Amino acid sequence: MSNKLVLVLNCGSSSLKFAIIDALTGDDQISGLAECFGLEDAKIKWKVNGVKHDASLGAFSSHREAVEFIVKDVLGAHPEIASQIQAIGHRVVHGGEKFTQSVIIDESVVQGIEDCAALAPLHNPAHLIGIRAAQASFPQLPQVAVFDTAFHQTMPEKAFIYALPYKLYRENSIRRYGMHGTSHLFISREAAKAMGKNIEDSNIICAHLGNGASVTAIKGGKSVDTSMGMTPLEGLVMGTRCGDIDPSIIHHLVDRLGYTLDEVNNLMNKQSGLLGISELTNDCRGIEEGYSEGHKGATLALEIFCYRLAKYIASYTVPLGRLDAVVFTGGIGENSDLIRAKVLNLLEIFNFEVDDERNKAARFGNQGQITTDNGTIAMVIPTNEEWVIAEDAVRLLK
């Protein structure tokens with residue numbers, strides 16, 4: 001264990017993921033999840049050296065109580081780890097155009113995150129609560145914000161401007177921002193290493209596939225296009241999000257079918273995607289099980305998911321010009337050999353030849369190439385966003 005440990009916090013509206021990461025190796029010393037904030041059964045679970053623990057936080061507990069528990073109970077039991085923590089790293093979903101890289105948190109940064117809350121109303125307010133809670137519990141430690149959107153700030157205007165009146169961008173910042181940037185950044189580095197290339201000479205397409213999913217074209221280590229938009233709703237079919245649709249559907253739902261705008265927002269974010277199509281589940285494992293059993297809805301959901309993903313990957317060869325590799329990551333990307341094979345088979349024109357043995361081996365945390373040596377490379381690389389956050393925190397403190 002090095003003396004460069006960072007406590008990484010990822011605050012959701014009703015949960016808090018945490019991990020203590022060695023910034024040199026990426027290893028986690030402690031990791032856990034506090035959840036059900038505001039409810040009677042608010043709880044926390046964590047793991048130290050492979051040993052699992054859990055506890056109640058007390059009815060209606062919040063982020064503050066969770067951070068206090070981490071300090072007093074989790075770290076209190078491991079002073080040898082607590083004494084080595086150098087900084088707190090916060091994942092922040094949306095930094096708008098203001099934050100193009102990670103920053104040390106001060107009051108101006110807090111205000112900037114608050115100013116971007118309209119672009120991520122479910123996420124940024126929760127991040128601010130977590131930042132305040134961490135500042136109260138760790139007043140002696142520097143705090144660093146790492147933004148999901150920052151990696152995509154290298155996109156050219158032709159990739160991020162919507163074909164709406166330009167003044168909406170100029171006056172209201174309506175544009176494509178993209179998400180999962182920290183994951184895409186990590187994957188771009190690791191993919192270049194795996195291919196034995198300098199990152200400046202590598203062109204990859206990264207597919208981060210989980211309940212939320214996005215694809216990014218990365219040229220020379222920089223994002224040049226990405227599938228998520230102003231919000232995480234645009235792009236691929238996801239667990240409960242619809243991804244790309246005809247915008248006039250919104251007017252039709254409101255004007256003809258009597259939906260309110262809030263109901264439409266809920267429908268497209270929480271009732272659509274794999275769940276909406278299959279009428280079964282948003283969990284890809286359940287979709288694959290239904291597919292294997294001949295469930296019509298699950299089969300259709302799986303086919304649409306793979307088809308949409310393959311189309312995006314194909315289109316991102318345009319900004320790259322040359323494709324060195326496609327990389328799958330995220331919960332689905334790292335574990336579903338079925339989806340990977342289906343997607344790559346749809347991309348046969350790009351000379352992908354799936355190696356069934358390699359594809360099945362690259363699951364459950366295993367990294368590796370999943371195509372034959374004769375064609376274009378596709379590989380699986382498990383993501384590690386926490387490591388990027390820890391690295392950035394230590395780098396900024398130098």
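Backbone N, Cα and C atoms are what each Cβ position is placed from, and that goes for glycine too.
Computed from a predicted structure; not experimentally measured.
Annotated Mg(2+) binding site per Swiss-Prot: ASN10, GLU385, in sequence order, evidence recorded as sequence analysis. The ATP binding site annotation in Swiss-Prot covers LYS17, HIS208, LEU209, GLY210, ASN211, GLY212, ASP283, CYS284, ARG285, GLY331, ILE332, GLY333, GLU334, ASN335 and rests on sequence analysis. If you look up Swiss-Prot, you'll see ARG91 marked as substrate binding site, on the strength of sequence analysis. According to Swiss-Prot, the feature active site, proton donor/acceptor maps to ASP148. The site 'Transition state stabilizer' feature in Swiss-Prot is assigned to HIS180, ARG241; the stated evidence is sequence analysis.
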**Item:** Cβ neighbours of LYS17 (ATP binding site) where a neighbour is any other Cβ within 10 Å
**Value:** 16
**Message:** Rank aside, I only need the closest one: which of the recorded positions ASN10, ASP148, HIS180, ARG241, GLU385 has its C-alpha nearest to that of LYS17 (ATP binding site)?
**Reply:** ASN10
**Message:** Counting across all protein chains present, how many other Cβ atoms fall within 10 Å of the Cβ of GLU385 (Mg(2+) binding site)?
**Reply:** 22
**Request:** Using a 10 angstroms cut-off on Cβ to Cβ distances, just flag whichever of ARG241, ARG285 is the loneliest among these recorded positions.
**Result:** ARG285
**Message:** For ARG241 (site 'Transition state stabilizer'), which of the listed recorded positions (ASN10, ASP148, ASN211, ASP283, GLU385) have their CA atom within 10 A of its CA?
**Reply:** ASN211
**Prompt:** About how far apart, in whole Å, are the alpha carbons (Cα) of ILE332 (ATP binding site) and HIS180 (site 'Transition state stabilizer')?
**Reply:** 14
**Prompt:** Quick one: Cα separation, ARG285 (ATP binding site) versus HIS180 (site 'Transition state stabilizer'), in Å?
**Reply:** 22
**For the residue listed as 'active site, proton donor/acceptor': DSSP state (helix, strand, coil)** = coil
**Message:** If you count CB neighbours within 10 Å, which one among the recorded positions ARG91, HIS180 has the smallest count?
**Reply:** ARG91
**Message:** Please list, in sequence order, the residues in the chain of GLU334 (ATP binding site) that are at least six apart in sequence and whose C-beta is under 8 Å away from its C-beta.
**Reply:** PHE328, ALA362, ARG363, PHE364, GLY365, VAL380, PRO382, THR383
**Asked** Counting other CB atoms within 10 A of each CB, which of the binding-site residues ASN10, ASN211 comes out lowest?
**Response** ASN211
**Message:** Please report the three-state DSSP label of ARG285 (ATP binding site).
**Reply:** helix
